[in-house]
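Asker: Sequence annotations record features per position, and here TrEMBL assigns domain 'PRMT5 TIM barrel' to 40-300. Under the heading domain 'PRMT5 arginine-N-methyltransferase', TrEMBL lists 306-474. The feature S-adenosyl-L-methionine binding site is assigned by TrEMBL to Tyr334, Lys343, Tyr344, Glu401, Asp429, Met430. The site 'Critical for specifying symmetric addition of methyl groups' annotation in TrEMBL covers Phe337. The active site, proton donor/acceptor annotation in TrEMBL covers Glu445, Glu454. Taken from TrEMBL, the feature domain 'PRMT5 oligomerisation' applies to 477-643.
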Amino acid sequence: MPLGEKAGFEKSQSRYCGVETQFNDDFPQLLNFNLSTGSFDFVVAPLMNPTYRPSLLEKDGVLPFAASDLVLSPSQWSSHVVGKISSWIDLDSEDEALRMDSETTLKQEIAWANHLSVQACILPPPKGASCANYARCVNQILQGLNNMQLWLRIPLVKTDEDAIDANSTSFIDSWELWNSFRLLCEHHGQLSIALDILSSLPSVNSLGRWFGETVAAAIINTDSFLTNGRGYPCLSKRHQKLITGFFNHSIQIVISGKPAHSIPRPSSDLAANNFDNNGESPQRHPLRPYLDYVGFLFQRMDPLPEQERFELGYRDFLQSPLQPLMDNLEAQTYETFERDSMKYIQYQRAISKALLDRVPDDKASATTVLMVVGAGRGPLVRASLQAAEETGRKLKIYAVEKNPNAVVTLHSLVKLEGWEDIVTIISCDMRFWDAPEKADILVSELLGSFGDNELSPECLDGAQRFLKQDGISIPSSYTSFIQPLTAAKLYNDVKSHKDLVHFETAYVVKMHNIARLTPSQPVFTFTHPDYSNKKSNQRYKRLQFEIPSDTGSAMVHGFAGYFDAELYKDVHLGIEPSMATPNMFSWFAIFFPLRTPVCVKPGSPLEVHFWRCCGSSKVWYEWCVASPNSSAIHNSNGRSYWVGL
């Protein structure tokens, strides 16, 4: 059965738990015992007798497979079985006979698993630091696979740098082992990781790397469990936090090993954690208490907040940024953004402060001219009027909007609310409008995920001609930030297009299966109004990041871009993780991919260069890595995203 379908979780978010088993040539009995008696959801089982060696067979010998494919239905094979490749294989052995047997067996077992249509096969970990031949064989196999996934088993360990023994495989850092394998394996789109969770865990930063990698399963050995006061298995707080992280990233759990706890038989109910028997038969699966505990960890997770549930379908989904200057937005897009109440609360706070600064109490009867440039369907108009009511100030509002469809809605709103004497609607592109008078306050929401990627600098530089010399712009400034990421899924999705142009695209994405490797750094800052005559000419920034030493080596697949805006006098709005506005969903981060991922070792600086370039009719970004090794300069000019200047 699933671990649960919790309140606040979509059905697709139900978590499943498997069990690792030994070879059994009676597959129906194996499945019945583990699924019916044990209540596990799937088994990880060898598909071939482990005593089999091709070199021991006579010519034309029959392969001793576990059983015919007919012993289970196709749906049982595909839904309830993960194959386990024989653990003895060693494709990089110095023993030629073992190496040849290993290669033959690997190909035969995967071909058989593919024939059965099992969901995945777990490959044994490389036997040593050198895995070139193993990776070569897997790479060759992957080219012929259809839908089946291969999961490379990796023990979750991290070296103490002072204790490394070059001749010992027990001290090989697990991430280095994985990275060596995948770098040799060009066709690794269907290659994922099965992490072996041991009783001791690496540092928090070291663990964090794996959430940006393609981890499909976490195998928890019974030896990793502690014993609670009643004699039942439990996990350390660090293990609990890790397992919860796996749940959040759709990583399946597998229980492995022999029972390590002598648990008294329950009478009428289970003593541990008040679990329900669910009509369990008298024969108890020896690993059921471990499943019960994993189920307990899942059930005690907090339900996803409403915002996270809303964003589930967008997780790790690459989207081209909106181009509101060039394209007219649709009603559904407006409606989504208008639901973001927190954004408009912040705008109302900023406008209230601006009104109080602009009009002292003894002149409260004076009328303030406020212009909303890019008014859309009116949420900023409403926020401005609410700020005026809150502060007791009078407003005259110009609502400037270029989208004729949104203007229709604006007229209806003004009539419905009775704002005709206060709000004047201007159906025009702000860049070409001649204002009849100067504004005291200029309000806009032209910010994009990177702050400046929807041409807010250019638009507001142009619009400031109708702002009084001492007028207030809301926002008054905004800064873009970038942060290096491990983001294997995003990288593989970009790579799947098999062309250069997709690697030179900046994507808006709700990032989820990523690892943020180091804090973000500021890139470009724009201030409004800006009378310096610098405007938005080409800008350039060199940044240097350093991965924390306890993280270990890490792969950089690209960069997350964020913004933080000061609307007015410490009223902020933004998505930069360390200071993000809570409960706001109008903006996802922006992803700048690298054509070739960069491996960064601890202590080695990551030097990044970023440009914001302006042409006669468009704005684009360029980016590259200069150290630890150089990348090509990525140039988003080819996509012509931001046009229409």
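Our numbering is plain: 1 for the first residue shown, then up by one each step along the chain.
Cβ coordinates are placed from backbone N, Cα and C, and glycine is handled just like the others.
Looking at the shown structure, can you explain where the listed features end up?
Answerer: Within the same chain, residues at least 6 positions away in sequence whose Cβ sits under 8 Å from that of Glu401 (S-adenosyl-L-methionine binding site) are Gly374, Ala375, Gly376, Val407, Leu410, Ile425, Ile426, Ser427, Cys428.
Using a 10 Å radius centred on the Cβ of Phe337 (site 'Critical for specifying symmetric addition of methyl groups') and all shown protein chains, the other Cβ atoms total 18.
Within 10 Å of the C-beta of Glu445 (active site, proton donor/acceptor) there are 25 other C-beta atoms, taking all protein chains into account.
Cβ-based neighbour count (10 Å, all protein chains) for Glu454 (active site, proton donor/acceptor) stands at 24.
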Asker: Where does the mean pLDDT land for the domain 'PRMT5 TIM barrel' (40-300)?
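Answerer: When the pLDDT values over the domain 'PRMT5 TIM barrel' (40-300) are averaged, the result is 85.
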Asker: About how far apart, in whole Å, are the alpha carbons (Cα) of Met430 (S-adenosyl-L-methionine binding site) and Glu445 (active site, proton donor/acceptor)?
Answerer: 13
Asker: Between Lys343 (S-adenosyl-L-methionine binding site) and Glu454 (active site, proton donor/acceptor), how far is it from one CA atom to the other, in Å?
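Answerer: Rounded to a whole number, the Cα-Cα distance is 17 Å.
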Asker: Which of Lys343, Tyr344, Asp429, Met430 has the fewest nearby Cβ atoms, counting only those within 10 Å, among these binding-site residues?
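Answerer: If we count Cβ atoms within 10 Å for the binding-site residues Lys343, Tyr344, Asp429, Met430, the smallest count is at Asp429.
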Asker: Can you grab the distance from Tyr334 (S-adenosyl-L-methionine binding site) over to Glu445 (active site, proton donor/acceptor)? Cα atoms, rounded to a whole Å.
Answerer: 12
Asker: Of the recorded positions Phe337, Tyr344, Asp429, Glu445, which sits closest to Glu454 (active site, proton donor/acceptor) by Cα distance?
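Answerer: Going through Phe337, Tyr344, Asp429, Glu445 one by one, the closest to Glu454 (active site, proton donor/acceptor) is Glu445.
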